[in-house]
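Asker: I am attaching a structure below and will ask some questions about it afterwards.
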Amino acid sequence: MIIAIDGPAASGKGTLAKRLAAHYGFRHLDTGVIYRAVAKAMLDAGADLTDEARAAEVARTLDPSRFDDPALKSHAVGEAASVVSAHPQVRAALVEFQKTFAAAPPGAVLDGRDIGTVICPDAEVKIFVVASPEVRAHRRFLEAQSRGEPADEAVILSDIVKRDERDKNRSAAPLKQAPDAVLLDNSYLDIEGGVRAAIDIVEAVRAGRRRV
C-alpha cells in the first residue's frame, strides 16, 4: 500500500506521515528533505539558487547520507528549497528516486507537495493536509525557538504566504489537491487528533468502504 500525503509547509503532514508509517510498519520518506538537501548543497557552495542546471546536477549526485543533517530543518534552507524545487530539471532528477522508494514492499508513506498528483498518482490512499497560515507560522516559530534559533513570527508568516504562492503557481508540479484525495484540516487538531483522523481515512480504504 502507498499512502500519499500532500500539503503546504508546516501543515503537519510530516508528523502525520511518520506516525502513519510507524503505525502500519511502512517505510517513510519526507520528500521535502530531498529538496532541502539540494538547497543546502547549493547554499554551501555559494551557488545561485536560480541556476537550474547547477541545481539539477546537485540533485543527480545527491548523497542520501545528507538527509539526516539537522541543518536541513532551518528556515533559510526551507526557503531555498522552495526556489530549487520549482526547477523542472531538479524535479525530474529526483522523481525516479521517489518512485522507487514508494514501490518497495511492504508499503510506504510519502509526504510532500506532489506525491498524489505526480509521484504516486495511483496511491491507494491520498490525504491533503491543510492548516491556516497563522497556525503554521506559529508552529514554525515554536520549532525555531526549540532549536534556540532567533525567529520573528510575523516574518515567518509572510514567508509562508509567499511560499504558498510559489508552490501553487510554479510550472513544475504545482501544489494542489488531487481530485481523489481526502482533505484533512489540521489547524486545530493536536498531534494525536490528527493521527487518529488520518488512520480513520486509511482504515476506510482498507475496509473497502471508500476508494481514496
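Yeah, the Cβs are placed from backbone N, Cα and C, and that goes for glycine too.
Reproduced below are the annotations present in Swiss-Prot:
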BINDING   G7, P8, A9, A10, S11, G12, K13, G14, T15  ATP binding site
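I would like each feature placed in context: is it buried or exposed, what are its neighbours, and how far apart are things?
Answerer: Taking all protein chains in view, 27 other C-beta atoms sit within 10 angstroms of the C-beta of G7 (ATP binding site).
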Asker: So of S11, T15, which of the binding-site residues has the fewest other Cβ atoms within 10 Å around its own Cβ?
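Answerer: Counting other Cβ atoms within 10 Å of each of the binding-site residues S11, T15, the minimum falls on T15.
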Asker: What kind of secondary structure is S11 (ATP binding site) part of, going by DSSP in three states?
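Answerer: Where S11 (ATP binding site) sits, the three-state DSSP reduction gives coil.
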Asker: Within a 10 Å radius around the Cβ, which one of these binding-site residues has the most neighbouring Cβ atoms: A9, K13?
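Answerer: Of the binding-site residues A9, K13, the most buried by Cβ count within 10 Å is K13.
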Asker: To test your reading of the ATP site: which residues beyond G7, P8, A9, A10, S11, G12, K13, G14, T15, same chain only, put their Cβ within 8 Å of the Cβ centroid of those residues?
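Answerer: Result: D111, V129, A131, R136, N186.
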